[in-house]
Each structure stands twice: as C-alpha cells, then as structure tokens.
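Per TrEMBL, these features apply:
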| type | residues | note |
| --- | --- | --- |
| DOMAIN | 340-584 | domain 'COPA/B second beta-propeller' |
| DOMAIN | 613-767 | domain 'COPA/B TPR' |
| DOMAIN | 815-1217 | domain 'Coatomer alpha subunit C-terminal' |
| REPEAT | 47-88 | repeat 'WD' |
| REPEAT | 89-130 | repeat 'WD' |
| REPEAT | 131-172 | repeat 'WD' |
| REPEAT | 200-241 | repeat 'WD' |
| REPEAT | 244-285 | repeat 'WD' |
Amino acid sequence: MLTKFETKSNRVKGLSFHSKRPWILASLHSGVIQLWDYRMGTLIDRFDEHDGPVRGVHFHKSQPLFVSGGDDYKIKVWNYKTCRCLFTLLGHLDYIRTVQFHHEQAWIVSASDDQTIRIWNWQSRTCISVLTGHNHYVMCASFHPKEDLVVSASLDQTVRVWDISALKKKTASPGDDMLRLSQMNTDLFGGVDAVVKYVLEGHDRGVNWVAFHPTLPLIVSGADDRQVKLWRMNDTKAWEVDTLRGHMNNVSCVMFLAKQDIIASNSEDKSIRVWDATKRTGIQTFRREHDRFWILAAHPEMNLLAAGHDSGMIVFKLERERPAFAVSGNALFYTKDRFLRFYGFSSQKDTQVIPIRRPGSTSLNQSPRTLSYSPTENAVLICSDVDGGSYELYVIPKDSIARGDSVPDAKRGSGVSAVFVARNRFAVLDRSSNQVLVKNLKNEIVKKGQLPLPADAIFYAGTGNLLCRSEDRVYIFDLQQRLVLGDLQTPFVKYIVWSNDMESIALLSKHAIIIANKKLVHQCTLHETIRVKSGAWDENGVFIYTTLNHIKYCLPNGDSGIIRTLDVPIYITKVSENSIFCLDRDGKNRVIIIDATEYMFKLSLLKKRYDRVMSMIRNSQLCGQAMIAYLQQKGFPEVALHFVKDERTRFNLALESGNIQIAVASAKEIDEKDHWYRLGVEALRQGNAGIVEYAYQRTKNFERLSFLYLITGNMDKMTKMLKIAEVKNDVMGQFHNALYLGDVRERVKIMENAGHLPLAYITASVHGLEDAVERLAGELGEDIPSLPKGKVPSVLIPPRPVICGADWPLLRVMRGIFEGGLDAAGKGGEEEVEGIDGDWGEELDMVDVNGFDNGDVTAILEDGEVGEEENEEGGWDLEDLELPAELETPQVSTNTRSTVFVAPTPGMPVNQIWIQKSSLAGEHAAAGHFDTAMRLLKRQLGIQNFDPLRPLFLDLLTGSHSYLRAFSSVPVLSLAVERGWSESSSPNVRGPPALICSFSQLEEKLRDGYRSTTAGKFSEALRIFTSILHTIPLIVVESRREVDEIKELIIIVKEYVLGLQMELKRREMKDNPIRQQELAAYFTHLNLQLAHQRLALLNAMTVCFKAKNLATAGNFARRLLESNPANENQAKTARQVLQASERNNNNVCELNYDYRNPFVVCGATYVPIYQGQRYATCPYCTSRFVPTQDGRVCTVCDLAVVGADASGLLCSRSQIR
C-alpha cells in the first residue's frame, strides 16, 4: 500500500472521490461532512447540517453537487460551489445507509433501515420509485454503471438485483393523455416500474455491501459471515461463482478494481484485503493496529483508493504507476506491459525491444522499479521488488530494437539495487552485509567492497563511482579507492538526476529538491507542498521538474517558478529547448511544448547576459506583478520600470533606481503630498536642489523651503519667503526667515508688532540700533529691561554656505546597463542592436537635472490657495506686492544628452566583505561581528563560556580599524586596516583584516611561561599559559604547517595548565598529606619539558619521602636518575632516596596512584583515569575528564563544554581550500 494522504477525525462512514478534481468527501459518525484536497493535504470545507451520523455520501459526475444521507432520515443535496444545502428529500422512515447519483439520469438511489430502496428525481425533488422486498435493514444500494439495474444488500442475508428499465421508459416524455393517465394510475396504486430480477442467497449472515463489476456480468458481496462472495448473472439467472475466505470479522465493504482485475475488501477485523479476481486467491493484506474499517471508495478514473476507519481515512494506491526508464543520449529505454521499449527523441518513434518475462507473482508492486542501461554493451539491468529485491540482466541483440521479437535469456540475481558502473561492470547492493558486489556481464562477482555507511539504495555517479543513499544522507563512494568523495545530509531521497555534463545533481525527495555539484557540495534546496514526481536538466543548467499538478523550474541560485499546470502527473525524461519529453502513467510518450521565456530571462539576468535580456524585453510579452517584484528583489528596478504602466508603481521603481526624471513625471500625474515629499527626499540625497525646491513648492512646505534656501545661500528667495510668511500672518515663520536672513531690523519689527516690546528693545540694544532703542524706550517708559553688566554681546548672524545658489555636487553615475537599450526599444526598433560590445541603441534625449528652471516661490501667492486657506485674511491686497510671474513647472532641456540619473547603490562595508567568505572566528571578531564569531567558535570548538574572550574580541576590533577626524561637525571616520596591504595592491580587492594576535607572539609567550615555571612562579606561569589557550581560537595563520604547529601548541599548553593547577592546589592543602602526595605524583606524568619534568620528579620524591612513603619516593628517584640530570645535587639526592627505599621498600599510607597502569589525569577532579575506563573530552584543548563532568565547562581552558560536538579548530584559509 502506498499511502498518499491520511486524516485524523471521527469514524468515517462514507467516502466519495470527485471525478476531475483532487477532492474527496468523507462523511463522519459525528454528523459532519468533510471536503478534503488529498493532493494538497488540506481541508477545503465542512458541512454539518445533518443531525446524527452521516453514512452515505456521493459526488455527482458532472454537476457541482453531492448528496448525503444520514441517521436523521434525511437525504440532502448540496452545491459545493455555494457551500450550502440546496434541498432535503424526505420519505425514508429510518437511518439512511447509502446514497448514489445515477451516471446519466437525474436520479438518486438510497438504501435505508426502513427495509426499502428509494429512487428520487433530484431535479423535480420527488421520489419516483420505492423498491420493497427486503425484510431487514437495506445496507447498500447502487446503480449499474451501464445497464438499467440496481443491486442491493440487506441484513436479511440476500442480495437483490432490480430491473429499472420500466422506470427509465416512464420518465421519458409521454406522448399523449392516455399515457399520462396510465402513469397517474400507476403512481397512485403502485406499478411495476422496478422489479426484482434476481435474489442471490448464499450468505449465512446479513450482507453489508454489494457491487457490480464495471464491464463484466459479475457481482461481489461481503457479509457478516466474514465471507466475500462472487456471483455471475445472465439474462435469466444469477448464481454463486466462488467464496473468498480470510477475513476474521464482518466484511463491511467490497468492490471490483477492473483495471488491475482485482477485488478489494475491508472489514471490522482492521484489515484491507486484496484478492485476485480470476484466480480468486488473496494477494495482499494491509492491517491497522486499532481501527476497524467501514467503507472503501475507488477513484472513477485514477489508480486511487480510499478507506474509512474508526479514527479517520486513508487515500492510497495499491501499485506504483511510475514506469522504470533510463535515458541514454538521444534514446529512452522504458518498461511497459512486460516489454522493454525504445523511444527515439529525435525521430519520436516508439518500438518494442524485448519481452521481459516474469514468473507469476502472488503480491502487488512487482513491476520494474529501476532501469539501468549500458550503451556500449547494449545491456539493460531491471530491478524490481520480486523476492524481496532482485535484478534481471538482459543483453539486447543488435537487431532486436528493430524487430522486438527475440527473447534473450535473462541473468537474475538478488539485490535491492543494481546499476551499471562501467562499460561491462555493474554494482549490486547487498543490504544484509552492507556490501557492494561488482559483477561482469556473465553475472559473476568480480569484486566485493564494504560500504563505510549503511545504505539502502545505490545510484550511478560516474564511472567507478556510486551514489549511496541512507535514511538522512547521501554519499559518493569510489569503488576503486574505497573512499567517500563527498556526502550531504538530505531528506530521504527517492530519485536522482544528473546534468548532461555530470557537473550537477538534483536529489529528489517527497517534498524537496536539493541541488548540489558533483562533489555533493550543497547549492540550494527547494521545498514543495505537493509531492515532487520527476525532473530533468535542460542544456542551460536549469532544472525542470514536475509535481503532481505543475511543471516548474529551478535556477542555479535556487529561484523557482511555475511553467505550466498539469491535468495528470507526468514523468519527465528529457528537456530540449522548449520541448519536454515525458512518460505518462499509462507508459505513453508525450511531448509538451512549454514557454521558456520567463526562466530564460531570469537565467540571463543571473548570468549577466544582458544582450539576451535586452533582446527578450524587446521581443516578448514578459509582464505581471510577479516579474516586476522579481526584478525589484534582484536589484534591477530600471528593467522593471520598462514593463510598468501604473504611475504609482513607476514612481516607486524610479525612486529605487534613482531615475529622478521619471519620478518627477509620475509625481505630477499622481500629484499627492506623500509622493512629492518622497521625491524631495530622493532629490536631496542626489544633491539636486532644483527638484527638492520644486517638490517643496508643490506641497507648500514653507518651513523646508526656507531651510533649503538657507543652506543653498539663496538670499533673494529667502526674502520672498519672509514676505509670504507676512501675507500668511505666520509670526514664527516671519521670525525664522528674518533670523536666517540675519535681518535684525526685521526681527525687531516682528517682535514689536507681536507686542513683545522688551524683547524688541533688548534685540535693538544688543545690535546697536540706537534709533529703535530710543523709540522703544519711549514706549516702555519705566518698564525698560536691564541688560546684564560686564557682558560683551555676541551677534547672531547666520553662516555663509559653502556653495551658493546652484545644485550641490551631484552624484554623477554612468547610465545603467539597460537604460540606453530600453529607451531605444521604446522607439519602435528603428535601429538594430549592435553586438554586446557596441553602442546600446540610440539614447533618448534625457531630462537634464541642471535644466530645471524652478518657478518663483512668490507665485504661490497668486494661485489663490493662500486666500482659500486663510479666509479671514481676505482684506489683503495681494496685487500690490508686485511679485514675479506665476509658478511654472521646471523646464527640461530637450537637446541635452545626460548620464546623470542612475544613483549608485551604497557599497558594501569593508567589515561585511571580510566576513562574507570567511569561516575564521578571528576575522569575524575583527570585523565587529561578535555574534557570528561566537557561533563559529561554538560550532568549531564547542566554546560556550565567552567571558575570557571578551577583551580579546574588543582588542581585535579596535586593532583592525583606524579612526580619522575630518571636520569638527562630522562624525569620526572609521578606516579598515587590512592584513598584508601594500601600495601596489588593487584598490578594488579587499584584503583580510589586520589582526593583533600572531603565532610569533604566542611562541614568545610560551617561552615566558617556561621561564616562569623554571623560576617557580607558578601563578604567573599559569596566567601566561591560560592566556595562550584563550588567544588560539582567534588566531589566523597562513600555511598548513603553522596550523599543525598551533594544534601542537594547544597540547603543550594544556599539559602545563593542568600541571600548574594541580601544583597550586597541592600547595593549598597543608592538612592533607595523602592528597598532596597524589597531586605531586600526577604532575610527574604530564608531558612537560625535560627540565620541568625533572623538577616535578624531584618535588614528588621530596613530598613522598617526607611522608615516609619510601617505595613511591624510590620510584620517582629512579625515574629522575633515568633522565640523566645535569645538576649533580639532584642526582645525589635521588641516589640517597633510592638507597633508603631499597632498604625499606614500603609505604606508610596508600595512595590513589598506580604508576604501572597508564593513565591520564581528570582536568576537574584531578584523579587518574586508567586505560580502559570511560572518559569525556574537551573538544578544544582535548583534556580528559571523568564522565560526570560531561556537559560542564572545561576547567583547563575555561572555554569549551566537555563532551560537546565540534568540527575542529579552523585558523587558516588553507584549511578551507
């Protein structure tokens, strides 16, 4: 059973497939009817007007209707488009068991527990016949698919076949009144419009289900006697043919599946059984753990079944429909109807090659699963699931393709997967031993190879290579070298497709497509909600694939889209230009013509083939919101602009591409305040003061205009802005403009008019306006404000702008790559496009940004809008101001060629470039990306405690940047310092960051640590060695040799840190002599420099000798003498201790120390871990720990988590290459 869809719900009592759409109706015991899309796996709708269980449901063949019958005695007819019940048919007096539409007439047949069968006309909404005769519940009734018959099953242990041909004649329009009268009498007194043709007796218990064969005169029934019976009928009689036994409980439903010549039945014994209809034997059984089955439904056209059970339903297939095929050059080999067939893509001829004889099998799914072809030897390998997995090898005679009549002998063998790996060699996977057997064409084993990882299937991956599949990964295995060449973690892969040049591979799983290169380096992943069925590469490197209902494409960068929809699933065999060759589920070759424009356009953009892009824009009808959104997303708004007519979209795209002229034109058409404001912002960014001014004028934004005139130094217009503020009676506006102008008298006048005489007096006094001071003093009288004494006033005069009047230095950028071409395209193709290197078409005369002749701001006064806004100012005589003429739109130059409209996109910051292709944590930290540096360290070395690294991170950041102060009014400029920079370096190529840590510094620190250890400054030495351990994760070196030295340095430093920690701990433990001796003893087993090793041995010998542990002290003395100490005093002391221990070779106290058994010291508890004992390891410094320390931070390096997974130290770009 191949399960396609499964639901969880109440008990499912009725099921019906839609004939065209991927829908299924499920009626539940709870009274709800669910409408599911089994292809998408989604619930489309639910209908819950029935009161109590709904036992029967059925879709109409052609109308948007379905019918349902329930325990509320009601039959309801629904329209699924309007999602409502159209009407209810009443008449049954008990539960309704089944309902069904007639395939031609407007009839519904229903079976009920009231012991009757009713036939209804759903157009007239009346009952047209009642079939009586059963004397118990009628469990099922259905129309014959072709003849005028109804079959019914009842708990009275009988099956009845009813002839309704008279009913069909009766419903035809009667010719005259006499016929109408006789029909009326028949309706009143009961007639013979439906008669019992046969009563089939043979079941010992009640019959639950009965069904006609679609084409043959056969009936199948299932009953509570646990039997399935097969009946045959002719014109005069019906009789029992056979009984199928096997179910262990009541058989609830049974039906013929004519295509495969089988019978399917399900039962309350929690099983579905499949029977051979001709041999009448069981083929297969599918069981559920806890759910009884109640109903079966078959799709009217497709190979799909559905079964309803206690907790939902399943939609499934009994057999795979995908034909086995292999493409070789311009030919296709595939299997169909037990024949191997050949199809030529160029000739489009289909020929039969050889018959594939297979012994009769007792189970389903025995058809060929995969096919592999060797073109040089003309040999075919066919794999199937026969006998748990087997293969057949056929060598096709040369002339056989033309004739197709010879039957070559097949060489058979067992194996779940078999595939050609060379001209005359094929590989077979033996799953039991996880071995690959390489065989020759005589089916003899040539070589055996053990696979490094468990595999359940093998595929071809180039000569001598296999792609092996396990549950969660695939890997390429070289059979000759027995090496894994690459591996990739994936969902469960069902099929693989190699590109024509074998450089790329597509791995197809149920709901995903993974694209990788030939070494299985991941490139992109696509996820699909609908099942992926097949795929093939086209000649441009685009992967074309199919789902159940679409043909789609996938570009090399992972972008995908729909090419067209499908009515039925297909299996792509080859893609050639705009033709897709495919096999359908019936094994027929089809050619589908597609429009490849969209994906070729996107591919050309991706590959920067701008000549093709230009050509396609001119010659095709590419358009639509999706294409515009794609071009915007990929950074080509100027191309998107060519497709768009909507002004708002054009405006947005023009702003995005920096095309200020089109933005101005669109803003005029839209004429909304928000759009003018956004235009002003973009023009300001480009430094185009003329357009900024125009945008502010259109929106009457006087405050921004005033400030614009201030910073551009346009004092004439500033004066006019002052007058406008005066006209509008805007006191604050007047004051601001006067302030910007530096006009003190005007400020005094404004404050005086506003009634602020003291402020006016102070302003006049400070600026030395004696005449105004005297006049204001007279008005103030005694209320003259006093000025602070001893203060020298400073005059507030506005600064002079650097550039006056004109635009600022514009962002001058060359025209976009498409602009000239698109403009030329707009001319109707007057000129032909030259080659790529030629001129990109004739340029349109562009609007010159410097040609804007902005209208005078005072014209705003004359358009009447101020008067409308300020009605109370109607007494102002605006004509007396004698202001310049009315505002006009800035004029554009018509003869100027300009290249000044594509604004540059901001470049990528250097620190972003540094981390773009770097996996080195030190470089990420130097770039200031601490979060990614920490993620890298966690992944590579298992580091979790970053506190010790914080100062190093900050030092790296500051050390790789320099800071420059330009002007006092601008922020400090940050400059990136690059490693290995020289004056000859290219300015466009960025080097990696300069790092403050280097390997030579670490070597110097190591020497300092050695010196401190020798001098007995253990705390100082420990600090030095720990700082080395903390620096190494962020170090960057150039060569592989230095990488090896760094790894060696970690081991050396780790030993010293552990030893010094133990020695310092020992010195703290004055009151525990046993522990002191143990720690001194462990210190001697660390990998130290010879001089330090001798000192450790001398130290341990002294401690043990003083504690009267002479045997242990003698061992240390012996080891010290074996090291040939240069210091005579050390040697003399050791000899004396050795002599003493030989005289009295025993220990006063027992130590946890056995020098005969090799051990390492736990970095946290300082106890020995002897050989063979379990331990945990720090992924960074490799210190070992007792298992209880697993998951804790390592006490040696104080960085990594003990036992964490880590990929290993990465400190050089040479490791990545």
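Glycine is treated like the rest: Cβ placed from N, Cα and C.
Keep in mind that TrEMBL annotations are predicted by a computer and have not been checked by a curator.
Here the domain 'COPA/B second beta-propeller' (340-584) has a mean pLDDT of 85 out of 100. The list of residues near the repeat 'WD' (47-88) in space but at least 6 beyond its ends in sequence, with Cβ under 8 angstroms from a Cβ of it, reads 13-19, 23, 25-33, 35, 94-101, 103, 108, 110-112, 120, 122, 125, 300. DSSP labels the residues of the repeat 'WD' (89-130) in these numbers: 0 helix, 24 strand, 18 coil. Broken down by DSSP into helix, strand and coil, the repeat 'WD' (131-172) contains 7 helix, 20 strand, 15 coil. Secondary structure by DSSP for the repeat 'WD' (244-285): 3 helix, 26 strand, 13 coil.
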